[in-house]
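Enquirer: According to Swiss-Prot, the record shows the following:
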- GLU171, ARG217, HIS448, ARG489: L-aspartate binding site (BINDING)
- ARG217, ASP218, GLU219, GLN226, GLU482, GLY534, LEU535, ASP536, ARG537: ATP binding site (BINDING)
- 195-198: region 'Aspartate' (REGION)
Amino acid sequence: MRTEYCGQLNLSHVGQEVTLCGWVNRRRDLGGLIFIDMRDREGIVQVFFDPDHKAAYEQASELRNEFCIQITGTVRARPDSQINKDMSTGEVEIFANTLNIINRSEPLPLDSNQTNSEEQRLKYRYLDLRRPEMADRLKTRAKITSFVRRFMDSHGFLDIETPMLTKATPEGARDYLVPSRVHKGKFYALPQSPQLFKQLLMMSGFDRYYQIVKCFRDEDLRADRQPEFTQIDVETSFMTADQVREVMEKLVRELWQETKGVDLGDFPVMTFAEAMRRYGSDKPDLRNPMELVDVADLVKDVEFKVFSGPANDAKGRVAALRVPGGAQVTRKQIDEYGQFVGIYGAKGLAWLKVNDRAAGVEGVQSPIAKFLSAEVLEAILARTQAESGDILFFGADSFKVVTDAMGALRLKVGRDLALTKLDSWAPLWVVDFPMFEDDSEGGLSAMHHPFTAPKDMSPEQLAAAPTTAIANAYDMVINGYEVGGGSVRIHRTEMQQQVFGILGINEEEQREKFGFLLDALKFGTPPHAGLAFGLDRLVMLLTGTDNIRDVIAFPKTTAAACLMTDAPSFANPASLQELSISVVAKKGATDSSVEENQ
């Protein structure tokens, strides 16, 4: 039906007759001529209809936005005065000879001239995706996945599919369950990741595996989370953590070069402990130059209990954040920052403005200055490398509260005061995570997942001191986003059973949930390691949006609903009966449709 795409026409096509298919992006009448901007997947080109071509001209008078049309015409060069430098096709236009209105459009529920609500955009997603910026994002996504496949193929990785209907295993989030009609009362789980299957593929001898795969997690959603998401999943045998990182870093560097024309350079490597200490986050945004500076040793003996209390507590922390040029911040802004850190459990936010560094303590302004000696103030100014015009913010509380609150404040202030270089890229690897962390019930949970191997520990050593164990794990972070994470896996039965035991999984439960894995580990399992990238998050970064829904064709809302199809929906009672499922309404429920399905 077409000979060319609208957005690919240029001066090399001048004089050629072309047939185009697409949509009316805009129509306007000028001096007896009818002009339209015609749009397809590749872009927009201007088409004009002359009254001398009566049939096409009369039809063109009927055109409205989003009519689906086909035109045949001749490509002409625009006069210099009419060249549109904002369009890739701005040097040419089409003189239409024939017009075929394929399909008409009703008035749109979306307004192309203003910002529509996200609810409207998601409800009419098929119209929202016609917008060039949305189409460009999905085209970029397609190019990224194509590039990844070429790279992985060229490095000896095999694309192998793993099951979508599998067994529920504890991986940190709730599973989406699928009832079995054949096996009454039993349920499949949609995979949170292909973790165990890719490990089993290594045990099967496939050596290098990858897959671009859908994963499912029933968890609370944020702007960068979806209930169904896509991973670039990777696993290798006989490779160390350093070797895995080397190949995956090469993939990302080449991807950025291909997509953005940017050389990311070598990725620095930082331990988890260093990242938390300096930046208050295990995914630090290194575009922001500010760092947290520990000052507990300087304030241990001061009479100001807000500082000396945490400074003398083994589980406490006192940290300062120097904000270059921050003395301009108003008292109102400081109060707002105090409220902000309260979200993270901080009880307040102490501050100190450095008006004149050369004047020493006489050049500072702060409500806490009177509680600190000249020697302590000078020591704090020296350690933080404070300069005239700076402000220091202080956090003093438990290590977790201070780290979380000051880390979040660092990011907020960096954006508020334009200190974060938003037009740059700052990748790094974060390594040496704790193997375990405290859970809400007083036990331990795996910081990554229960199949991660510890660094340099035997099962006996791990059992004796689990809280000191360091995981052989690594995360790739770019601009404050964790874009990928992985680890060396446990490849011995004894170690895997020991980890399960530390996590409170008894032998009976181990056999019930992971018997197949424990059996497989007995048969010459090779050392193996892997990593998974969040494809959606990578595309989000590479297309410059801060909302993951912008890079998914048909995403869910933060309530895990599809406004376009009205999913999830109530099931037919006959289907539920066939599955031996009874829907029980919550106490106090008033939804009649729930009651009907009881």
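Every residue, even glycine, has its Cβ placed from backbone N, Cα and C.
Can you walk me through where each of these features ends up in the structure?
Expert: Neighbours of HIS448 (L-aspartate binding site), defined as other CB atoms within 10 A of its CB across all chains, total 21.
Reduced to three states, the DSSP call for GLU482 (ATP binding site) is strand. The Cβ of GLU482 (ATP binding site) has 17 neighbouring Cβ atoms from other residues within 10 Å, across all protein chains displayed.
Remark: secondary structure over the region 'Aspartate' (195-198) totals 4 helix, 0 strand, 0 coil, with classes taken from DSSP.
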Enquirer: Taking just the CA atoms, what is the gap between ARG217 (L-aspartate binding site) and ARG537 (ATP binding site) in Å?
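Expert: Distance between the two Cα atoms comes out at 16 Å.
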Enquirer: When you look at ARG217, ASP218, GLU219, GLN226, GLU482, GLY534, LEU535, ASP536, ARG537, which the record names as binding ATP, what is the longest CA to CA distance in angstrom?
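Expert: The span, Cα to Cα at its widest, is 20 Å.
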